[in-house]
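Per TrEMBL, the feature domain 'F-box' maps to 259-305. According to TrEMBL, the feature repeat 'WD' maps to 371-396, 397-436, 437-476, 477-516, 517-556, 557-596, 600-639.
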């Protein structure tokens, strides 16, 4: 280095400018690989002289012209004389350099090494202080130069970066007399020093078959370390890695943790794991692979899913094998069918309903729906039996001499109660009246059927127990002081509510009143009884929950503002409809109100009837609408029926529903709506396909 830089005798001091830090390092690199006195040393000394010549001097232009670098460059065309020779050398170098001219090689490497690197602040400061050339070829930094080296292509034969393809030019070696590249060690000595400014840059790209020689030693050392030492080494290694290398690690490591554990487990354990998935996720898992699909089709697995969804048995009517798949398990088919039906209720377009016209303009006072038969009773003294499938009136039951105000149905047996103070037992298949039950002295206002026994309540303040098979009168229950408005019978106990504000619990076999449940301050209009709890609704706006065994009032449910006209009780969940136009969902064990079905989509008049299951609540109202609600969230889903005459006299009196059909009794008291039954079908179509929504 000293021999290169301190050769002041060779450099005119008047024209000498101090080298920039970058040039010093570059010149040091050029000189460090040569022995003094050799031809290489002379070439390098000439290169240094070239750099130190003032850029305004013509010597540089002469040297470049002599070497063939500026043959086509016309200095007169340059508007900036300071940069004329530098602009010329930005052109492509000639394909052949002067033979045995090592200064040409050195100059080529010097300018090609700094070709595309941008200027730095350090270089600008050096230019200002020392007057070094301002051109883009001289103002460089070593780090930028190193990046430039990495950008260059690696020649397959010698591994050195090259600006042109080897077949076009051989810049990294001297040119022999036969125009072949001289790749001898002596000719490559200067080149190797420049190309490898850092020991991290190798001449050959490492491969699996040709790894760096130090790697084997490094891996051997790694295997001798403890687990803690290996983790520390990995952490330090990751810190040294660039983002691309970290991503490569992830691509290599992640597949190591991807194991099909379900297929590797015993079938019993795999099914136990899958049992924790929701049905929707179970269907997605079945699409993973064949082995997962086989497990996800397990019949017992889907039986549990059906149990949680409230599906107790496999329906007789099943979806076609084309819709569900030929190998679907029966319980899965039942679940998928139920889901398709639920989607029909919730969101699918409502199909055109069947319209069953009858009873002229009379009021439909009671409604029953069992199997494919619908039975409607009216104040026109008749009952009509309809087909829920075809919508046809199968027969009209004629015999009562007063309006029919209560009815019950089981199988093909129909029982009706009338203002003519009698009960009649009918055969639904033939329309024949099998028995007429006499005994009451006033209107038969309510009744409840269990097995072959029916209990009737009358405005005469008594209850009577009958055998519908024989038509015999069995028992009379006396104790109320006013008309009996509602009754429930579970085969063991009878519970009755009356206009005397009382609720009574009876043993029908002994005709004994076990408990008189006092607490209401107005007429009792509705009752529910599940064998453990009695729930009563009154005109006093309250709902009371009683323990049937002790007669104690467990809860008083407050919240409604008027008469509770209808209630339903299932699994300790009570749904109540009120004349204040609201519907409430209660937990009778805790006494808490779970949901209030109101809001902007609530009914605008009294709630007349309701039905609910473990998914939906269906409510009807004097405003002429039937609404569908989510029983869990209390959210309004949509209107199932909305009469054009709603709000001007159109009324929905009664509703009855099963899993797939809804029957509504509609009409009006002022003639604005014709009396009729509407049947809405939400069953799956024969050609429909089912999929659980994502």
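Every residue gets a Cβ built from N, Cα and C, even glycine.
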Tally of DSSP helical, extended and coil residues in the repeat 'WD' (437-476): 0 helix, 25 strand, 15 coil
Outside the repeat 'WD' (371-396), six or more residues from its ends: residues with CB under 8 Å to it: 354-356, 358-360, 362-365, 402-407, 409, 412, 414, 416, 418, 426, 428, 431, 656, 661, 663, 665, 675, 677, 679
Tertiary contacts of the repeat 'WD' (557-596) (same chain, 6+ residues out, Cβ under 8 Å): 525-530, 533, 535, 537-539, 541-545, 602-614, 617, 619, 621, 623, 629, 631, 633-634
DSSP residue counts for the repeat 'WD' (477-516), split into helix, strand and coil: 0 helix, 23 strand, 17 coil
